[in-house]
Amino acid sequence: MLSTRHPSDNTTLDLANIRNQVITFLIAGHETTSGALSFALSYLLKDPTALRLAQREADELWGDDPDPAPSFEDVGRLCFARQVLQEVLRLWPTGPVFTRQAREDTLLGGRYPLPAGQRISVLIPMLHRDPIRGDNPDLFDPARFTPEAERARPRHAYKPFGAGDRACIGRQFALHEATLLIGLIAHRYRLADQSNYRLRVKKTLTLKPDGPTHTPTARTSADRAANRSALGLPLGPAAQPQTVPPPGTGLPSRARQGTGTLLVHGSNHGTCREFSEQLAEEAAALGCGTEVAALDTYADALPTDRPVVIVAASHNGKPTDDAARFLRWIEEAPPDAAQGVSYAVLGVGDRNWATTYQRVPTLIDDRIAELGGTRLLPRVEADASGELSVTVREFADQLRVALLSGYGDATATVADAPPRTSVTPSPRCAADRWTRWPSGTA
(Lines of atoms letter the chains of each structure in order from A and count residues from 1; the text may use other names and numbers.)
(Lines give C-alpha, C1' and ligand atoms only; values in the text may rest on other atoms or scores of the structure.)
Protein backbone atom coordinates (compact mmCIF):
# COMPACT_ATOMS: atom_id res chain seq x y z
CA MET A 1 0.00 0.00 0.00
CA LEU A 2 2.88 2.37 0.69
CA SER A 3 4.62 2.20 -2.66
CA THR A 4 2.61 0.22 -5.22
CA ARG A 5 1.35 2.31 -8.13
CA HIS A 6 -1.85 1.79 -10.08
CA PRO A 7 -0.97 0.21 -13.45
CA SER A 8 -3.19 2.54 -15.50
CA ASP A 9 -2.46 6.01 -14.08
CA ASN A 10 0.68 5.43 -11.94
CA THR A 11 -0.95 6.94 -8.83
CA THR A 12 -0.41 5.77 -5.25
CA LEU A 13 -2.73 5.67 -2.24
CA ASP A 14 -2.67 8.80 -0.11
CA LEU A 15 -1.72 8.48 3.56
CA ALA A 16 -5.27 8.99 4.84
CA ASN A 17 -6.50 6.12 2.67
CA ILE A 18 -3.65 3.90 3.88
CA ARG A 19 -4.53 4.65 7.52
CA ASN A 20 -8.17 3.76 6.80
CA GLN A 21 -7.15 0.45 5.25
CA VAL A 22 -4.90 -0.39 8.22
CA ILE A 23 -7.80 0.25 10.62
CA THR A 24 -9.97 -2.08 8.52
CA PHE A 25 -7.28 -4.77 8.73
CA LEU A 26 -7.00 -4.41 12.50
CA ILE A 27 -10.74 -4.46 13.23
CA ALA A 28 -12.63 -6.27 10.47
CA GLY A 29 -9.69 -8.50 9.68
CA HIS A 30 -8.86 -9.55 13.24
CA GLU A 31 -11.92 -10.70 15.16
CA THR A 32 -13.57 -12.53 12.26
CA THR A 33 -10.46 -14.49 11.27
CA SER A 34 -9.51 -15.33 14.85
CA GLY A 35 -13.05 -16.60 15.46
CA ALA A 36 -12.96 -18.80 12.36
CA LEU A 37 -9.59 -20.25 13.41
CA SER A 38 -10.90 -20.93 16.92
CA PHE A 39 -13.85 -22.83 15.45
CA ALA A 40 -11.50 -24.77 13.16
CA LEU A 41 -9.22 -25.87 16.00
CA SER A 42 -12.18 -26.80 18.20
CA TYR A 43 -13.63 -29.08 15.53
CA LEU A 44 -10.26 -30.61 14.61
CA LEU A 45 -9.64 -31.52 18.26
CA LYS A 46 -12.91 -33.47 18.30
CA ASP A 47 -12.12 -35.26 15.02
CA PRO A 48 -8.76 -37.10 15.17
CA THR A 49 -8.99 -38.33 11.57
CA ALA A 50 -9.49 -34.82 10.23
CA LEU A 51 -6.59 -33.56 12.33
CA ARG A 52 -4.31 -36.32 11.04
CA LEU A 53 -5.28 -35.54 7.45
CA ALA A 54 -4.49 -31.86 7.98
CA GLN A 55 -1.14 -32.81 9.52
CA ARG A 56 -0.28 -35.22 6.76
CA GLU A 57 -1.08 -32.70 4.04
CA ALA A 58 1.20 -30.12 5.68
CA ASP A 59 3.92 -32.72 6.28
CA GLU A 60 3.91 -33.75 2.62
CA LEU A 61 4.25 -30.11 1.63
CA TRP A 62 6.95 -29.02 4.09
CA GLY A 63 8.64 -32.28 5.04
CA ASP A 64 10.29 -32.45 8.45
CA ASP A 65 11.12 -28.75 8.68
CA PRO A 66 9.36 -27.47 11.83
CA ASP A 67 9.64 -23.85 10.72
CA PRO A 68 9.07 -23.69 6.94
CA ALA A 69 8.93 -20.50 4.89
CA PRO A 70 5.67 -20.97 2.97
CA SER A 71 5.31 -19.57 -0.53
CA PHE A 72 2.12 -18.17 -2.04
CA GLU A 73 1.79 -21.37 -4.10
CA ASP A 74 2.04 -23.50 -0.95
CA VAL A 75 -1.27 -22.15 0.32
CA GLY A 76 -3.00 -23.32 -2.85
CA ARG A 77 -1.77 -26.85 -2.11
CA LEU A 78 -3.32 -26.89 1.38
CA CYS A 79 -6.55 -28.25 -0.07
CA PHE A 80 -7.74 -30.11 3.00
CA ALA A 81 -6.94 -27.18 5.31
CA ARG A 82 -9.10 -25.02 3.04
CA GLN A 83 -11.91 -27.59 3.22
CA VAL A 84 -11.73 -27.52 7.02
CA LEU A 85 -11.97 -23.72 7.00
CA GLN A 86 -14.87 -23.67 4.55
CA GLU A 87 -16.76 -26.25 6.59
CA VAL A 88 -16.44 -24.33 9.88
CA LEU A 89 -17.55 -21.18 8.05
CA ARG A 90 -20.56 -23.13 6.85
CA LEU A 91 -21.44 -24.18 10.38
CA TRP A 92 -20.56 -20.91 12.10
CA PRO A 93 -19.96 -17.95 9.76
CA THR A 94 -18.45 -15.29 11.99
CA GLY A 95 -20.62 -12.60 10.39
CA PRO A 96 -23.95 -14.45 10.67
CA VAL A 97 -26.45 -12.22 8.86
CA PHE A 98 -26.96 -9.95 5.86
CA THR A 99 -29.97 -7.82 4.95
CA ARG A 100 -31.75 -7.11 1.67
CA GLN A 101 -34.53 -4.69 0.72
CA ALA A 102 -37.19 -5.21 -1.94
CA ARG A 103 -36.85 -2.60 -4.70
CA GLU A 104 -40.42 -3.18 -5.85
CA ASP A 105 -43.45 -5.27 -4.91
CA THR A 106 -42.46 -8.86 -5.47
CA LEU A 107 -43.21 -12.47 -4.57
CA LEU A 108 -40.17 -14.03 -2.94
CA GLY A 109 -39.59 -17.60 -4.04
CA GLY A 110 -43.06 -17.65 -5.54
CA ARG A 111 -44.54 -17.83 -2.02
CA TYR A 112 -43.90 -14.78 0.14
CA PRO A 113 -45.28 -11.36 -0.87
CA LEU A 114 -42.92 -8.46 -0.15
CA PRO A 115 -43.93 -4.82 -0.63
CA ALA A 116 -41.41 -2.35 -2.01
CA GLY A 117 -39.06 -1.20 0.74
CA GLN A 118 -39.55 -4.31 2.89
CA ARG A 119 -36.31 -5.50 4.46
CA ILE A 120 -35.47 -9.13 5.11
CA SER A 121 -32.56 -10.60 7.02
CA VAL A 122 -30.84 -13.79 5.91
CA LEU A 123 -29.55 -15.86 8.84
CA ILE A 124 -26.51 -17.46 7.24
CA PRO A 125 -26.13 -20.41 9.67
CA MET A 126 -29.70 -21.44 8.81
CA LEU A 127 -29.08 -21.00 5.08
CA HIS A 128 -26.03 -23.25 5.43
CA ARG A 129 -28.13 -25.94 7.15
CA ASP A 130 -30.56 -26.24 4.26
CA PRO A 131 -31.71 -29.83 3.49
CA ILE A 132 -29.46 -29.86 0.40
CA ARG A 133 -26.68 -30.55 2.92
CA GLY A 134 -28.07 -34.02 3.55
CA ASP A 135 -29.38 -35.71 6.67
CA ASN A 136 -26.80 -34.29 9.10
CA PRO A 137 -26.25 -30.61 8.31
CA ASP A 138 -24.98 -29.99 11.86
CA LEU A 139 -22.19 -32.54 11.42
CA PHE A 140 -18.63 -31.30 10.80
CA ASP A 141 -17.62 -32.85 7.46
CA PRO A 142 -14.93 -31.16 5.32
CA ALA A 143 -15.80 -33.56 2.49
CA ARG A 144 -18.70 -31.21 1.72
CA PHE A 145 -16.10 -28.98 0.08
CA THR A 146 -14.31 -31.31 -2.30
CA PRO A 147 -14.23 -29.83 -5.83
CA GLU A 148 -16.90 -32.31 -6.93
CA ALA A 149 -19.21 -31.41 -4.05
CA GLU A 150 -18.78 -27.69 -4.67
CA ARG A 151 -19.63 -28.02 -8.36
CA ALA A 152 -22.83 -29.88 -7.46
CA ARG A 153 -23.97 -27.27 -4.92
CA PRO A 154 -26.38 -24.46 -5.91
CA ARG A 155 -24.47 -21.22 -6.34
CA HIS A 156 -26.28 -19.25 -3.65
CA ALA A 157 -26.26 -21.97 -0.98
CA TYR A 158 -22.98 -20.83 0.62
CA LYS A 159 -22.59 -17.21 1.72
CA PRO A 160 -20.19 -16.99 4.71
CA PHE A 161 -18.97 -13.57 3.56
CA GLY A 162 -22.29 -12.04 2.60
CA ALA A 163 -23.48 -11.51 -0.97
CA GLY A 164 -23.27 -9.14 -3.91
CA ASP A 165 -20.84 -6.39 -4.84
CA ARG A 166 -20.67 -5.24 -1.21
CA ALA A 167 -19.77 -8.63 0.26
CA CYS A 168 -16.71 -8.80 2.51
CA ILE A 169 -13.85 -7.03 0.75
CA GLY A 170 -11.30 -9.01 2.77
CA ARG A 171 -12.63 -12.42 1.78
CA GLN A 172 -9.70 -13.52 -0.37
CA PHE A 173 -7.10 -12.33 2.12
CA ALA A 174 -8.91 -13.93 5.06
CA LEU A 175 -9.22 -17.31 3.34
CA HIS A 176 -5.55 -17.22 2.33
CA GLU A 177 -4.37 -16.18 5.80
CA ALA A 178 -6.53 -18.64 7.73
CA THR A 179 -5.74 -21.58 5.43
CA LEU A 180 -2.03 -20.93 5.87
CA LEU A 181 -2.37 -20.78 9.67
CA ILE A 182 -4.33 -24.05 9.83
CA GLY A 183 -1.61 -25.72 7.77
CA LEU A 184 1.23 -24.31 9.87
CA ILE A 185 -0.43 -25.19 13.19
CA ALA A 186 -1.12 -28.74 11.99
CA HIS A 187 2.48 -29.08 10.81
CA ARG A 188 4.16 -27.69 13.93
CA TYR A 189 2.01 -28.84 16.83
CA ARG A 190 0.23 -31.73 18.42
CA LEU A 191 -3.07 -30.52 19.82
CA ALA A 192 -4.66 -31.90 22.97
CA ASP A 193 -8.12 -31.27 24.40
CA GLN A 194 -7.21 -31.78 28.05
CA SER A 195 -10.24 -29.88 29.34
CA ASN A 196 -12.71 -31.88 27.20
CA TYR A 197 -14.06 -28.62 25.81
CA ARG A 198 -17.65 -28.63 24.55
CA LEU A 199 -18.38 -25.99 21.95
CA ARG A 200 -20.34 -22.98 23.18
CA VAL A 201 -20.95 -20.14 20.75
CA LYS A 202 -20.50 -16.59 22.00
CA LYS A 203 -22.41 -13.84 20.22
CA THR A 204 -20.94 -10.34 20.23
CA LEU A 205 -20.18 -8.31 17.12
CA THR A 206 -19.33 -11.68 15.57
CA LEU A 207 -19.76 -15.37 16.39
CA LYS A 208 -16.88 -17.13 18.15
CA PRO A 209 -16.29 -20.09 20.49
CA ASP A 210 -16.70 -19.21 24.16
CA GLY A 211 -13.73 -20.14 26.34
CA PRO A 212 -11.90 -22.77 24.25
CA THR A 213 -8.59 -24.04 25.60
CA HIS A 214 -6.10 -26.01 23.52
CA THR A 215 -2.70 -27.29 24.59
CA PRO A 216 -0.11 -27.29 21.76
CA THR A 217 3.03 -29.43 21.93
CA ALA A 218 5.81 -29.27 19.36
CA ARG A 219 5.67 -32.22 16.96
CA THR A 220 8.73 -34.40 16.35
CA SER A 221 9.99 -36.37 13.37
CA ALA A 222 8.80 -39.55 15.05
CA ASP A 223 5.35 -38.06 15.51
CA ARG A 224 5.09 -37.21 11.82
CA ALA A 225 6.14 -40.75 10.86
CA ALA A 226 3.61 -42.25 13.29
CA ASN A 227 0.86 -40.09 11.81
CA ARG A 228 1.54 -41.42 8.31
CA SER A 229 1.43 -44.97 9.59
CA ALA A 230 -1.82 -44.40 11.51
CA LEU A 231 -3.57 -43.18 8.37
CA GLY A 232 -2.51 -46.33 6.53
CA LEU A 233 -1.75 -44.41 3.33
CA PRO A 234 1.47 -44.97 1.37
CA LEU A 235 3.72 -41.97 1.15
CA GLY A 236 5.57 -42.93 -2.00
CA PRO A 237 9.01 -41.60 -2.85
CA ALA A 238 9.64 -37.88 -2.97
CA ALA A 239 9.49 -36.41 -6.44
CA GLN A 240 12.92 -36.07 -8.00
CA PRO A 241 13.84 -33.52 -10.65
CA GLN A 242 14.24 -35.11 -14.04
CA THR A 243 15.27 -33.85 -17.44
CA VAL A 244 12.40 -34.06 -19.91
CA PRO A 245 11.93 -32.88 -23.48
CA PRO A 246 9.90 -29.73 -24.05
CA PRO A 247 6.12 -30.18 -24.37
CA GLY A 248 5.33 -31.07 -27.95
CA THR A 249 8.07 -33.62 -28.57
CA GLY A 250 8.10 -34.54 -32.26
CA LEU A 251 7.05 -31.04 -33.34
CA PRO A 252 9.33 -28.35 -34.75
CA SER A 253 11.38 -26.64 -32.08
CA ARG A 254 10.66 -23.08 -33.20
CA ALA A 255 8.10 -21.01 -35.05
CA ARG A 256 8.37 -19.98 -38.67
CA GLN A 257 10.26 -16.77 -39.31
CA GLY A 258 7.97 -13.77 -39.13
CA THR A 259 5.38 -15.43 -36.89
CA GLY A 260 3.86 -13.02 -34.40
CA THR A 261 1.76 -13.53 -31.29
CA LEU A 262 -0.59 -11.00 -29.70
CA LEU A 263 -1.14 -11.36 -25.95
CA VAL A 264 -3.98 -9.23 -24.58
CA HIS A 265 -5.16 -8.98 -21.00
CA GLY A 266 -8.07 -7.82 -18.89
CA SER A 267 -6.49 -6.94 -15.55
CA ASN A 268 -7.34 -4.57 -12.70
CA HIS A 269 -4.58 -5.49 -10.26
CA GLY A 270 -1.86 -6.59 -12.66
CA THR A 271 -2.02 -10.38 -12.28
CA CYS A 272 -3.38 -11.09 -15.77
CA ARG A 273 -0.98 -8.56 -17.25
CA GLU A 274 1.94 -10.36 -15.57
CA PHE A 275 0.72 -13.71 -16.89
CA SER A 276 0.50 -12.20 -20.39
CA GLU A 277 4.07 -10.96 -20.11
CA GLN A 278 5.26 -14.40 -18.94
CA LEU A 279 3.49 -16.09 -21.84
CA ALA A 280 5.01 -13.53 -24.21
CA GLU A 281 8.47 -14.52 -23.01
CA GLU A 282 7.66 -18.16 -23.72
CA ALA A 283 6.38 -17.33 -27.20
CA ALA A 284 9.48 -15.22 -27.87
CA ALA A 285 11.65 -18.20 -26.88
CA LEU A 286 10.01 -20.08 -29.78
CA GLY A 287 11.02 -17.31 -32.17
CA CYS A 288 7.70 -15.45 -32.24
CA GLY A 289 7.47 -11.70 -32.35
CA THR A 290 5.23 -10.67 -29.46
CA GLU A 291 3.00 -7.78 -28.47
CA VAL A 292 1.39 -7.37 -25.04
CA ALA A 293 -1.58 -5.00 -24.74
CA ALA A 294 -4.81 -4.38 -22.87
CA LEU A 295 -7.96 -5.86 -24.39
CA ASP A 296 -9.40 -2.39 -24.94
CA THR A 297 -6.55 -1.68 -27.37
CA TYR A 298 -8.30 -4.08 -29.76
CA ALA A 299 -11.87 -3.03 -29.02
CA ASP A 300 -12.77 -2.69 -32.71
CA ALA A 301 -11.14 -5.74 -34.30
CA LEU A 302 -8.82 -8.65 -33.56
CA PRO A 303 -5.94 -9.36 -35.94
CA THR A 304 -6.05 -12.32 -38.30
CA ASP A 305 -2.34 -12.34 -39.23
CA ARG A 306 -1.16 -13.84 -35.93
CA PRO A 307 -2.54 -15.94 -33.07
CA VAL A 308 -4.23 -14.08 -30.21
CA VAL A 309 -3.81 -15.17 -26.58
CA ILE A 310 -6.34 -13.64 -24.16
CA VAL A 311 -5.74 -13.62 -20.40
CA ALA A 312 -8.80 -12.19 -18.65
CA ALA A 313 -10.47 -11.96 -15.26
CA SER A 314 -13.88 -10.91 -13.96
CA HIS A 315 -14.55 -8.25 -11.33
CA ASN A 316 -17.80 -9.25 -9.63
CA GLY A 317 -18.92 -10.67 -12.96
CA LYS A 318 -18.04 -7.50 -14.87
CA PRO A 319 -15.08 -6.82 -17.16
CA THR A 320 -11.96 -5.25 -15.73
CA ASP A 321 -11.30 -1.57 -16.36
CA ASP A 322 -9.09 -2.26 -19.37
CA ALA A 323 -11.52 -4.71 -21.01
CA ALA A 324 -14.92 -2.96 -20.81
CA ARG A 325 -14.87 -1.48 -24.34
CA PHE A 326 -13.64 -4.77 -25.80
CA LEU A 327 -16.49 -6.67 -24.16
CA ARG A 328 -19.07 -4.18 -25.49
CA TRP A 329 -17.59 -4.61 -28.96
CA ILE A 330 -17.76 -8.40 -29.08
CA GLU A 331 -21.29 -8.36 -27.65
CA GLU A 332 -22.46 -6.01 -30.42
CA ALA A 333 -20.17 -7.08 -33.30
CA PRO A 334 -21.61 -8.44 -36.58
CA PRO A 335 -21.69 -12.24 -37.08
CA ASP A 336 -18.39 -12.55 -38.99
CA ALA A 337 -16.36 -10.01 -36.98
CA ALA A 338 -13.85 -12.65 -35.80
CA GLN A 339 -13.63 -14.63 -39.04
CA GLY A 340 -10.04 -15.80 -39.48
CA VAL A 341 -9.02 -15.07 -35.87
CA SER A 342 -7.02 -17.84 -34.19
CA TYR A 343 -7.21 -17.49 -30.41
CA ALA A 344 -6.82 -19.05 -26.96
CA VAL A 345 -8.31 -17.92 -23.63
CA LEU A 346 -6.87 -18.27 -20.13
CA GLY A 347 -9.50 -17.28 -17.58
CA VAL A 348 -8.31 -16.19 -14.14
CA GLY A 349 -10.70 -16.10 -11.19
CA ASP A 350 -11.49 -17.34 -7.71
CA ARG A 351 -13.97 -20.18 -7.29
CA ASN A 352 -15.08 -18.73 -3.95
CA TRP A 353 -17.03 -16.15 -5.98
CA ALA A 354 -19.24 -18.95 -7.28
CA THR A 355 -21.95 -16.81 -8.88
CA THR A 356 -19.55 -14.88 -11.14
CA TYR A 357 -16.60 -17.28 -11.44
CA GLN A 358 -15.06 -17.13 -14.96
CA ARG A 359 -18.06 -15.19 -16.32
CA VAL A 360 -16.08 -12.72 -18.47
CA PRO A 361 -13.46 -15.18 -19.82
CA THR A 362 -16.26 -17.62 -20.69
CA LEU A 363 -18.24 -14.91 -22.46
CA ILE A 364 -15.18 -13.79 -24.44
CA ASP A 365 -14.33 -17.35 -25.47
CA ASP A 366 -17.87 -18.25 -26.51
CA ARG A 367 -18.54 -14.99 -28.29
CA ILE A 368 -15.36 -15.01 -30.40
CA ALA A 369 -16.22 -18.55 -31.51
CA GLU A 370 -19.75 -17.40 -32.43
CA LEU A 371 -18.22 -14.58 -34.48
CA GLY A 372 -16.18 -17.02 -36.56
CA GLY A 373 -12.95 -17.34 -34.57
CA THR A 374 -11.02 -20.62 -34.29
CA ARG A 375 -9.74 -21.86 -30.94
CA LEU A 376 -6.05 -22.73 -30.73
CA LEU A 377 -6.91 -24.80 -27.65
CA PRO A 378 -9.85 -25.13 -25.24
CA ARG A 379 -10.31 -22.37 -22.66
CA VAL A 380 -8.39 -23.00 -19.43
CA GLU A 381 -9.69 -21.92 -16.00
CA ALA A 382 -7.08 -20.79 -13.46
CA ASP A 383 -8.43 -20.68 -9.90
CA ALA A 384 -6.67 -18.26 -7.54
CA SER A 385 -7.94 -20.24 -4.55
CA GLY A 386 -6.20 -23.37 -5.87
CA GLU A 387 -2.90 -24.01 -7.60
CA LEU A 388 -2.91 -20.93 -9.81
CA SER A 389 0.72 -21.10 -10.94
CA VAL A 390 0.41 -24.81 -11.80
CA THR A 391 -2.59 -24.13 -14.04
CA VAL A 392 -0.84 -21.24 -15.79
CA ARG A 393 2.18 -23.49 -16.36
CA GLU A 394 -0.08 -26.15 -17.88
CA PHE A 395 -1.69 -23.53 -20.13
CA ALA A 396 1.76 -22.34 -21.25
CA ASP A 397 2.71 -25.91 -22.17
CA GLN A 398 -0.52 -26.38 -24.14
CA LEU A 399 0.03 -23.06 -25.88
CA ARG A 400 3.57 -24.09 -26.82
CA VAL A 401 2.27 -27.25 -28.48
CA ALA A 402 -0.47 -25.31 -30.30
CA LEU A 403 1.95 -22.69 -31.62
CA LEU A 404 4.48 -25.27 -32.82
CA SER A 405 1.71 -27.36 -34.40
CA GLY A 406 0.16 -24.49 -36.31
CA TYR A 407 3.07 -22.13 -36.89
CA GLY A 408 6.18 -24.30 -36.54
CA ASP A 409 9.19 -24.23 -38.86
CA ALA A 410 9.31 -27.71 -40.37
CA THR A 411 13.07 -27.42 -40.91
CA ALA A 412 13.75 -26.99 -37.16
CA THR A 413 14.11 -30.20 -35.18
CA VAL A 414 13.46 -30.95 -31.52
CA ALA A 415 17.18 -31.37 -31.02
CA ASP A 416 17.51 -27.61 -31.47
CA ALA A 417 15.48 -27.01 -28.31
CA PRO A 418 17.04 -27.20 -24.83
CA PRO A 419 15.57 -29.72 -22.39
CA ARG A 420 13.60 -28.47 -19.42
CA THR A 421 13.79 -29.55 -15.82
CA SER A 422 10.51 -30.82 -14.45
CA VAL A 423 9.31 -32.23 -11.12
CA THR A 424 6.53 -34.77 -11.07
CA PRO A 425 4.31 -33.51 -8.23
CA SER A 426 2.90 -35.64 -5.46
CA PRO A 427 -0.91 -35.74 -5.16
CA ARG A 428 -2.05 -32.17 -4.55
CA CYS A 429 -3.63 -32.76 -1.18
CA ALA A 430 -4.84 -35.39 1.23
CA ALA A 431 -8.39 -34.64 0.11
CA ASP A 432 -7.54 -36.02 -3.35
CA ARG A 433 -7.50 -39.44 -1.71
CA TRP A 434 -10.10 -38.97 1.05
CA THR A 435 -13.43 -37.52 -0.05
CA ARG A 436 -15.52 -39.18 2.68
CA TRP A 437 -14.65 -40.13 6.24
CA PRO A 438 -13.95 -43.76 7.08
CA SER A 439 -16.89 -45.30 8.91
CA GLY A 440 -17.17 -44.28 12.54
CA THR A 441 -14.50 -41.56 12.61
CA ALA A 442 -16.57 -38.44 12.02
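Placed from the backbone N, Cα and C atoms, the Cβ positions cover glycine too.
Note: TrEMBL annotation is automatic and uncurated.
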Matching range for TrEMBL feature annotation, region 'Disordered', among 127-147, 232-252: 232-252
Show which residues of the chain containing Cys168 (heme binding site), separated from it by at least 6 in sequence, have their CB under 8 Å from its CB. Ala28, Gly95, Phe161, Gly162, Ala174
Averaged pLDDT, computed only over the residues in the domain 'Flavodoxin-like' (261-400): 93
